[in-house]
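Colleague: Sending over a structure as structure tokens; questions will come in a sec.
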Amino acid sequence: PHTGRLALYLLGLRATCPTPSPHRSLVTWLKYYLEEDWTGSRRHGRPLSNYYQYGLGVLALCVHHKRVREEVIRRLLTAQHHGRLGHGGNTVDTEAVVALAFTCLEQRRLVGTELAAELRAAAHRASRSMAKAQGPDGVIGNIYSTPWALQVFLATGTCQTEPAFGQAMAALLENLEAFGTAATMAQVLPVLHGRSYLDITSMHCQEEPDTLTPLDMEPLAEVLGNKTVQLVVECPLPWCYELKLYDRLVPVPAAASLLDVLQAAAALEPHDFRFHTQDTPQGPFLTQVLGLEARQEKRNYWQLLTAPDIPLQMGIADYRPRDEEILILRLSEW
């Protein structure tokens, strides 16, 4: 089910102040997707997509002022209580989305008094958990999770008393170049204005001026020359018996991204190096390397690192490695 994609679309649609008619059927479809998504619980004990997308679905329905069945909400409460909110090796973004959904349902009074108290307590637990997950550089989870965490601090009103808020905001301002796609910009822009996605529930659309205009982007300055990147593929137990599966020097243009490095490696050795990606709103996502596929049901993913063991804060299309940098693709468990 396309739960997350439809939820993001409906969140964006609400922010544009549409007339009621175009999105009524889409809201109905989202309710249907949430039920279809949960059929995965009968076999895997979790949604067919993941709790991140499922939480987004509940959040989008709440932002559109639609009630959600208590059973649907309790699925998220139970998952949070038992620590099952895992998504791509990083739980911060999932915890944040779920906490925003809880806060929205409670603040919009779309649930009863008893359940509202449970949701409020769960959202504050998530806020404290994210503060503890903050690294020494101020980043919470990774740079893309940080705006989600900041939205939770803003929505729950803890931004004034939580020291992690100021540190995370400073880290965000230092890394704004990481937010180069429409999807990632949509996560960070509300935070830069001291807002969260919950604020679009109370927008006065008649007061919103139509100020959206096309932006003429300056072309990026051309970077001349070449560089050489060392590309390493690792697959630990239990998936492989040999840890290092691939280790080659790959020459590429100086402006090449990690995606360009992968494409160059595939062109140099088409029989030895193969990879596949999946298009997402955040850009291409690495799903398969050397025939090894990362799968949701196996709870694994391809982690991107720079030597010796530093996780990358950008996707494969955005990260531009340095000359002689060692890049590691590691099949990891989340």
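Heads up, the Cβ atoms here are built off N, Cα and C, so glycines get one too.
Residues or ranges marked as cyanocob(III)alamin binding site in TrEMBL: Ser49, Asn50, Tyr51, Tyr52, Gln53, Asp93, Asn142, Gln187, Trp302, Gln303, Leu304, Leu312, Trp334. Residues or ranges marked as disulfide bond by TrEMBL: Cys62-Cys104.
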Colleague: Just to be sure I understand the packing, how many Cβ atoms besides its own are within 10 Å of the Cβ of Cys62 (disulfide bond)?
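Modeller: Cys62 (disulfide bond): 26 neighbouring Cβ atoms within 10 Å.
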Colleague: Mind giving me a neighbour count for Tyr51 (cyanocob(III)alamin binding site)? Other Cβ atoms within 10 Å of its Cβ, every protein chain shown.
Modeller: 22
Colleague: In sequence order, which residues at least six apart in the same chain have a CB under 8 Å from the CB of Trp302 (cyanocob(III)alamin binding site)?
Modeller: Leu286, Thr287, Val289, Ala294, Leu329, Arg330, Leu331, Ser332
Colleague: I'd like the Cβ neighbour count for Cys104 (disulfide bond), meaning other Cβ atoms within 10 Å of its Cβ, all protein chains included.
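Modeller: Cys104 (disulfide bond) is surrounded by 25 other Cβ atoms within 10 Å.
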Colleague: Between Gln53 (cyanocob(III)alamin binding site) and Cys62 (disulfide bond), what C-alpha distance do you get in Å?
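Modeller: Each residue's Cα considered, Gln53 (cyanocob(III)alamin binding site) and Cys62 (disulfide bond) end up 14 Å apart.
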Colleague: Same chain only, sequence gap of 6 or more: which residues have a CB within under 8 Å of the CB of Leu304 (cyanocob(III)alamin binding site)?
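Modeller: For Leu304 (cyanocob(III)alamin binding site), the qualifying residues are Leu258, Leu286, Pro311, Leu312, Ile316, Tyr319, Leu327, Ile328, Leu329.
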